[in-house]
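Participant: I am attaching a structure below and will ask some questions about it afterwards.
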Number of protein chains: 2
Amino acid sequence: MPTSPITPPGGTEADVSLSEVGEFGLITRVTSGRRQPPTTLLGPGDDAAVVAAGDGRVVATTDVLVQGVHFRLDWSSPEQIGRKAAAVNLSDVVAMGAVPTALLVGLACPASTPAAVAAGIADGLWAEADVAGAGVVGGDLSSASTMVVAVTALGSLEGREPVTRGGARPGDVVAVAGRLGWAAAGLAVLGRGFRSPAVLVDAQRTPQPPYAAGPAAARAGATSMIDVSDGLLADLGHVASASGVRIELDRAAFAVPYRLGEIASALGADPLDWILTGGEDHALAATFAPDTALPEGFTPVGQVSDGDPAVLVDGAAHEGEPGWRHFPPA
Amino acid sequence: MPTSPITPPGGTEADVSLSEVGEFGLITRVTSGRRQPPTTLLGPGDDAAVVAAGDGRVVATTDVLVQGVHFRLDWSSPEQIGRKAAAVNLSDVVAMGAVPTALLVGLACPASTPAAVAAGIADGLWAEADVAGAGVVGGDLSSASTMVVAVTALGSLEGREPVTRGGARPGDVVAVAGRLGWAAAGLAVLGRGFRSPAVLVDAQRTPQPPYAAGPAAARAGATSMIDVSDGLLADLGHVASASGVRIELDRAAFAVPYRLGEIASALGADPLDWILTGGEDHALAATFAPDTALPEGFTPVGQVSDGDPAVLVDGAAHEGEPGWRHFPPA
């Protein structure tokens, strides 16, 4: 099929909608001139892509981002939305101890969407994939009444066993890598109509998962690991359940970053509440045998003990919601 | 995290919405008691799944289905929607000559959606994956104002080279496997408010891709292959462009199935128009060197020749749209 350039004669990208440029025009715009990593054996443009899976296994995960639920076009740029859609998936791959190799993206949006918005989302996906060493190998585009970005990420275990949620053992150290509470603080700021501090607002718009820390934890022998997407307590709750253990966190082990403390004070919030229950930072929480030298980036925050599965903070249950729920009870 | 049963005391599945059952309740309902194929090394329930990729490569593709665009809840059952979402992706995998191994699904839908609808979609995905030999290894659930089903399919090439769109050579035979025009006829019937003939209406609701024909074509040495999703002429147009060849179809080579001819006559339509331009049947079109014994299920319908990339029918361009476009020119 003939493809059309995304920019019509005399116009700019911002002027044209998807219905004007057409799906093939957009696909050409977002795929041409991209650099693929060596793991991309066959990139976009055919019925399916082919990606290297060196050790005969592939790690795969999918996460959907919905306009008005996970992002707002008046809060985030298209590039930031693309970066976030990539990051939340890439983070799940590294949480298994794997190295990300590829992303596939399904984009549904109104036909009136400016082509520049769709192209910006694609640019953000490519940029974040590049940070993690992955390629964007496939996609699909559809019209819809609301914008939905569905991403699948693939990864390679490089011969290691996957680090699941089910391997934590009594006596293990609980450690975290990456930011906690920053996105929640940014959301609180945005929700009150502010646009600063930029570092917190940006944290909400685009997480910065500690990609290298996942495979590093696996190499160090992590017994369990999880991506902190819904909130540390909620996600460690999954580890406690899957491993059949109790997880005890030490409140004093959490340092409150200066900016977080400052804005919590200004908004009358408890910064530790953001740290313990805030989602969307995509930190990693892992457990290690007690004699393990923690890999770079990990900070110990508690220990694993015997007992009914639960997550305690200084020996007691945390008050309030442990994290985000998509379909809260009516 | 505790999970709740999908059916509350005294109620039935049909009575409860996603907001009542909660995401963890639904996930438990749609994942428990399922049988996974041997390629599923680690199934749903962790940050990511692990799938076998025996020859060190994985085929991956993604397709998004949107309510009101690809399906209607008043035309299709939830199971049929799930089957279709799986089929359109599995078909892309076999069109590379690969054997499907796994599906991942992102489901976005209103919180008021009956839990039984979401569970039905999941049942359909599992059923269709099973037909193709694949497992459902991961998923994500989100609230959204409209329903979007985003599926990614993975597959194994079993040591073969992928069959792309770019390998057709002058002199090759063009052959098709699977149904053509049935979904278009079904759509025409549904669009006029009818519900029969059931065989055509069902074809629109749930395609029946010839899964075995894809790997069979690859084993027979197919030089190019494509999944017919938008219409035979439109999709062979991609083969012509990618291969730099002309494709010439013989009108007389297409048999019109009795039911198709009958309903075309009743509606005043040309059944060959449905066969040549109708999408959504997910037949396979492939090219083979002229001396190839066509694998089971394939029928020759034309030949490849030298010339500017184009698809001709009895030597002339077909009148009208070659197939479906998501963002047609305004």
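Quick reminder: no glycine exception, Cβ is built from N, Cα and C everywhere.
All annotation found in TrEMBL is predicted automatically rather than curated by experts.
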Participant: Using only what TrEMBL says about Mg(2+) 3 binding by B:ASP47, B:ASP92, identify which of B:ASP140, B:ASP172, B:ASP202, B:ASP227 is listed for that site too.
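Facilitator: TrEMBL names B:ASP227 for this Mg(2+) 3 site.
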Participant: Of the binding-site residues B:ASP47, B:HIS70, B:ARG165, which one sits closest to B:ASP140 (Mg(2+) 1 binding site) when you measure Cα to Cα?
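Facilitator: So, of the listed binding-site residues, the one sitting closest to B:ASP140 (Mg(2+) 1 binding site) is B:ASP47.
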Participant: Checking the contact step here: among the binding-site residues B:ASP47, B:THR62, B:ASP92, B:GLY139, B:GLU280, which have a Cα within 10 Å of the Cα of B:ASP230 (Mg(2+) 5 binding site)?
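Facilitator: Final answer, ordered: B:GLU280.
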Participant: Could you measure between B:ASP63 (Mg(2+) 1 binding site) and B:SER229 (ATP binding site) for me? Cα positions, answer in whole angstrom.
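Facilitator: About 11 Å separate the Cα atoms of these two residues.
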Participant: Out of B:HIS70, B:GLY139, B:SER229, which binding-site residues come under 8 Å of chain A, measuring Cβ to Cβ?
Facilitator: B:HIS70, B:GLY139
Participant: Quick one: Cα separation, B:THR61 (Mg(2+) 4 binding site) versus B:ASP227 (Mg(2+) 3 binding site), in Å?
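Facilitator: That comes out at 12 Å between the alpha carbons.
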Participant: Between B:GLU280 (substrate binding site) and B:SER229 (ATP binding site), find the distance joining the two CA atoms and give it rounded to the nearest Å.
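Facilitator: Here the two Cα atoms lie 5 Å apart.
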Participant: Closest of the binding-site residues to B:ASP227 (Mg(2+) 3 binding site), Cα to Cα, picking from B:THR62, B:GLY139, B:ARG165?
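Facilitator: Closest by Cα: B:ARG165.
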Participant: Between the binding-site residues B:ASP47, B:ASP63, B:ASP227, B:ASP230, where is the Cβ count within 10 Å the lowest?
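Facilitator: Checked B:ASP47, B:ASP63, B:ASP227, B:ASP230; of these binding-site residues, fewest Cβ neighbours within 10 Å: B:ASP230.
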